[in-house]
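Listed in Swiss-Prot:
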{"type": "BINDING", "residues": "83, 182", "note": "heme b b562 binding site"}
{"type": "BINDING", "residues": "97, 196", "note": "heme b b566 binding site"}
{"type": "BINDING", "residues": "201", "note": "ubiquinone binding site"}
{"type": "TRANSMEM", "residues": "33-53", "note": "transmembrane segment"}
{"type": "TRANSMEM", "residues": "77-98", "note": "transmembrane segment"}
{"type": "TRANSMEM", "residues": "113-133", "note": "transmembrane segment"}
{"type": "TRANSMEM", "residues": "178-198", "note": "transmembrane segment"}
{"type": "TRANSMEM", "residues": "226-246", "note": "transmembrane segment"}
{"type": "TRANSMEM", "residues": "288-308", "note": "transmembrane segment"}
{"type": "TRANSMEM", "residues": "320-340", "note": "transmembrane segment"}
{"type": "TRANSMEM", "residues": "347-367", "note": "transmembrane segment"}
């Protein structure tokens, strides 16, 4: 008798990805975040779909439609806050997922890593456009400031910005196209995530020791399905706590004021998950230089595999690199804090110092430390 699970064309793909997948026996809870990101994406698509049923992408009614969702639609407030805080959970999982990749040397799996960087950019673009949709003060001015950065591109900058705006300022055409793009991008992200998994399953997962585990693997189900389910329960617990008890904790009060092009908020800032990049952008006095630094702050991940001279893949047994990794984490937290502060001293100088440290660690200090560690181990 043939086993349907192993022979059916569709079931076979699911079976080889989530059931009979040979997995290293020693991967820790930090490997849970891939499945949690899948769960976050699912939550965002479902809640987003229900929100789109009631939302109107028009400058005159967008703000009122969000108010209508929260006040008049059955459990509309729950869906809205699940979607808003779900984005925060998404980025929290993303940052831990990337951090785990850096710590354990998962960037050695080049195709998987590069698709991951594309995913990161796509999710950031989607989140930015989603923040514009409620059409509050911070939505409008955030959109104005960030899209206006493209005007720093020599020669074509101004034309490019006006083309994106659909006019001479952020307005109805901008909101309409942002809604269309915000709706379609999660499906593109889903496709990229599948390619990400495809490449991962070509090579197999990395593990905390960074050694080949081909001689000793266990099936994904029931071991890691159970483990992932526990992670999912904890994620839902955190998301529901945030949504039901502190729904506005991570939001900006300015976004409860309808967008007004004639009144600039005293301090324009994006959501918390973009603050580190925003701080790097602001720390450079030159506009074009700031934009380049902003893009490089993420794109630098793409050159990490070529800046890694260590003979050991993971940082598990490299205390100097471990120390620098946690310095990098502290630096990113500092940048996040600075991004939310006004542009005045001492915040300017702290931001500039933290930005220099960020790039120095990534490009120079960490690779040099790898060479020192190799030398100490006489490799």
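Each residue, glycine too, has its Cβ placed from N, Cα and C.
Feature annotations (Swiss-Prot) mapped to structure.
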residue: 83; record: heme b b562 binding site; DSSP (3 states): helix
residue: 97; record: heme b b566 binding site; DSSP (3 states): helix
residue: 182; record: heme b b562 binding site; DSSP (3 states): helix
residue: 196; record: heme b b566 binding site; DSSP (3 states): helix
residue: 201; record: ubiquinone binding site; DSSP (3 states): helix
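Simply put, out of 178-198, 226-246, 347-367, 226-246 has the most Cβ pairs sitting under 8 Å from the transmembrane segment (77-98). Comparing residue 83 (heme b b562 binding site) with residue 196 (heme b b566 binding site), their Cα atoms are 24 Å apart once rounded. Ranked by CA distance from residue 182 (heme b b562 binding site), the binding-site residues 97, 196, 201 have 196 at the top as the closest. For the transmembrane segment (33-53), same-chain residues at least 6 beyond its ends with a Cβ under 8 Å from one of its own Cβ atoms are 69, 79-80, 82-83, 86-87, 89-90, 93-94, 96-97, 100, 183, 186-187, 189-190, 193, 228, 231-232, 235, 239.
Fewest Cβ neighbours within 10 Å among the binding-site residues 83, 182, 196, 201: that distinction goes to 201. Beyond the transmembrane segment (320-340), the same-chain residues lying 6 or more positions past its ends with a Cβ under 8 Å from any Cβ of the stretch are 99, 102-103, 269-270, 272, 274-280, 282, 310, 347, 350-351, 354-355, 357-358, 361-362, 365-366, 369-370, 372-373.
A distance of 17 Å separates the Cα atom of residue 201 (ubiquinone binding site) from that of residue 97 (heme b b566 binding site).
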